[in-house]
Amino acid sequence: MLAIIGGTGLNEFSEGEVVGERHNHYGYTSAAIVQSEVAGRSVCFLARHGNPHTIAPHQVNYRANLWALKQLGVSQILAVNAVGGISPAMVAGALVSPDQLIDYTYGREHTLYDGSDDKLEHIDFSFPFAENLRGALSRAADSCALPLLDKAVYGVTQGPRLETAAEIDRMDRDGCDIVGMTAMPEAGLARELAMDYASLCLVVNPAAGRSDRLITMDDIHRVVDTGMVKVRALLTAALAELQ
Ligand SMILES: CSC[C@H]1O[C@H](OP(=O)(O)O)[C@H](O)[C@@H]1O
Ligand code: HPA
């Protein structure tokens, strides 16, 4: 089974049946998980920030979300993320499938190996995003004639505030191309649970200090409104690729 985790601007993917439990031993999932048929396959959808969108990125219960998806038999996750653009190619409106990440978050419940049982594994995380899913996204982008940038480092910040210009300069020096607040611990937990995970990012603003304007939510929402139409088309085509 494949799951889509929607972020800013993607609260619903399609109508469907509520499945699974909202509560597990990690607490409550962000929202009910909804299952439906898309492109001839069964897909689960979970709204990361709740529906309506009220949960801040540092307060998302990533462990409950990932655990609940695993219990439903999910083995592949396509995550949707709104991000800021750092490097010049990452302009507002661009679609990006990152191949690497750097985690700048802190204080989040970021692992299932928390001492609550006797288990401990040090998972390999050299390549955080699954190549089979990234390949499907690239083929889907070709079939929809939608440009998709498939090499980018996603820097994950704590939020919910946006970054300072100096923080973005530092992230640029570190090699980050895009910045968001949610890919970790989500991607790490997916790996701990042996689920393939890839991220489809929509660049919704130039990162702090990367344009001559301040960042406003109005500007972001304008990009989200048009960009999510492309995201939905690309996801639907990717699901067909993954049959
Ligand atoms: C200025 S919008 C910030 C918000 O959008 C992104 O969320 P998501 O990855 O769930 O689409 C970013 O990480 C922040 O949480
Ligand atoms: O500029 C940003 N910074 C962090 N997260 C974001 N999510 C969308 N835009 C941004």
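Even glycines carry a Cβ here, placed using N, Cα and C.
A TrEMBL annotation is a machine prediction, not a hand-curated record.
In TrEMBL, the phosphate site is described by THR8, ARG48, HIS49, and among THR157, THR164, THR182, THR216 the residue recorded at this site is THR182. Summary for the binding-site residues THR8, THR182, ASN205: the Cβ-based neighbour count within 10 Å is maximal at THR182. If you count neighbouring Cβ atoms within 10 Å for each of the recorded positions MET181, ALA207, MET217, the highest count belongs to ALA207. Ranking the binding-site residues ARG48, HIS49 by the number of CB atoms within 10 A of their own CB puts ARG48 at the top.
The residues near the phosphate site, meaning same-chain residues not in THR8, ARG48, HIS49, THR182 whose C-beta sits within 8 angstroms of the mean position of the site's C-beta atoms, are GLY6, GLY7, ALA47, HIS53, ILE55, PRO57, VAL60, ASN81, ALA82, MET181, in sequence order.
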